[in-house]
Amino acid sequence: MYVVTGERMRQIDRFTMDQVGISETTLMENAGTAAYLQIESIVTPESSIAVLIGAGNNGGDGFVIARRLKEAGFDTDVWIIPPLEKIRGTARVHMDIFIRSGHTFFQYEDSQAIFDRAISSSTYIIDTMLGTGVKGALKAPYDRIVEEVNCSRAEVIAVDLPSGLPAEENEPFEQAVKACRTIILQAPKETAFLYPYAEYYGEWTTADIGIPCKAFEACGARSRVRTENEVRASLPYRKADGHKGTYGKGLVIGGSEQMPGAVSLTTRAALRTGIGLVTAALPASITATVTGTATEATCLPLQSNQGEMISESLTGLDLSSYDGAAIGPGMGRSHPLSFSRIFSGFDGLVVIDADGLYHLAEELNAWRDGRGGPTVITPHPGEMARLTGKTIEDVEKNRFSLSRQFASEYKMTVVLKGAYTIVTTPDGRQWVNPTGNPGLAKGGSGDTLTGMILAAGLQTDDFLDGVLNAVYIHGLAADQLIHERDEASITASDVIEQLPFALASLR
Ligand SMILES: NC(=O)C1=CN([C@@H]2O[C@H](COP(=O)(O)OP(=O)(O)OC[C@H]3O[C@@H](n4cnc5c(N)ncnc54)[C@H](O)[C@@H]3O)[C@@H](O)[C@H]2O)[C@@H](O)CC1
Ligand SMILES: [K+]
């Protein structure tokens, strides 16, 4: 499933019409019919339904939906918001079909008092006022109508986008329909995965309107949602004749006297994700935290100063026997550390997280040309802000474009965490992760994910599949936990102990 901006969707629509040969009239018929079929499965024969229609093609979809609802015998009032002469092009074609099919409508400008009563007494409102064509602040009368819709007790079902909401990141908006559900046409728009926009969608589904994949590819769509089927298809299987070396040998570098637990979580998560062998490189004084909680791991005790590992012991590490390393969890920031020196000559997978990102930010330029092996960074928005020199607000407003820019500039795979984690490769491909819940917003979650990424990245032919699977399964385990527990009380350790069940559910 692709994720698009409004502009990209327009290009894809245009390609489908001009190059594939499906007319806009057919696309609109498909859109309205696909949306109707979903609406029909939600409403009941007793429902009273108001369809609100705007001037553009979103309104055109509304005419098809309204025609289908009326033909099926649902109690449906159709409200055309703009003056009739404003309805042009393909929307006009579907308005004429609606009228010639013998159906009637109300005009908002003629009967505002009846409109107010209809809005307050309907059980469902179908919002087809504005879609991807919205620009700027809502003009009258849409501003007033949106307020009224948001105050009504009706269940609001928006089509494509809640009216007033932009489709892409970093677009300001003041007002939009707060939908209970949104039926998104063909491909989710970026704002479905960004807050605060995402709250306006309510629950959402997509409706296939018949646009071929080729149109997305031809128009350069590069963002997708990672699907469960893709995860299943790329999960590694244990070979009958495999041995521990077959499933990766990883080194976890982290921990300090102030933060001894992080490295233990990372190590345990790597083991539960199937890594063959894992070693924790940590200050000698905290070795017991790992040996006591992850008996299967080995330790590499290192010299420390003020409780944190020092540069000399890290640059002296012999990495040649490891397939990959994760660095950062709980390691502290007191001593300057050069990761480009630590990993110089190492061509295995490197995952950098937490305090590791602090050290990385200090010498970013050294990473511009990439390394011999893949590098994955896993920043939360605060860490991404520091890496990019932006504010957290800027990062949150531009999650798609900033990730893409950074991944390309520093040749790293960026896992930008948050509700809907986004994974971006240096060549600009992007995946939105659909799993996870607010229970993961807790210390230790990131350390766990880092261990999972290291382990999964070492077990798939393409490390990227491992990264995407780790992000998906981390969220899935948390989602499974909240079936029976309160999301506020789940911990990173719970997530690690859930991994065997989450993995089994995908096999
Ligand atoms: N182009 C296509 O091939 C298809 C488009 N589809 C639908 O078409 C929609 C996009 O259609 P349009 O590009 O016509 O755009 P919209 O239908 O979103 O809206 C355009 C209209 O909104 C008005 N408008 C814009 N900003 C406004 C504001 N701030 N306040 C008040 N009015 C405002 C414009 O004057 C224009 O009349 C999609 O969201 C989707 O629902 C579907 O029918 C499927 C096929
Ligand atoms: K809409």
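Along the chain as shown, residues are numbered 1 onward.
Keep in mind that glycine also has a Cβ here, set from the backbone N, Cα and C atoms.
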Co-listed AMP-binding residue [TrEMBL; alongside LYS417, GLY418, ALA419, TYR420, THR421] among GLY382, GLY389, GLY446, GLY451: GLY446
Residue among ASP75, ASP77, ASP127, ASP143 sharing the K(+) site, where TrEMBL lists ASN58, SER163 as binders: ASP127
Local confidence of the domain 'YjeF N-terminal' (9-217) - pLDDT mean: 97
Candidates near ligand 2 among the binding-site residues ASN58, LYS135, TYR142, TYR420, THR421, GLY446, judged by a Cβ under 6 angstroms: ASN58
Subset of binding-site residues (ASN58, SER163, ALA419, TYR420, GLY446) lying within 10 A of THR132 ((6S)-NADPHX binding site), CA to CA, in sequence order: ASN58, SER163
CB-centroid shell, 8 A cutoff, K(+) site ASN58, ASP127, SER163, site residues removed: LEU52, GLY54, GLY59, GLY62, THR128, MET129, LEU130, GLY131, ALA158, VAL159, ASP160, LEU161, PRO162, GLY164, VAL177
Alpha-carbon spacing, GLY446 (AMP binding site) to GLY330 ((6S)-NADPHX binding site), which is rounded to whole Å: 11
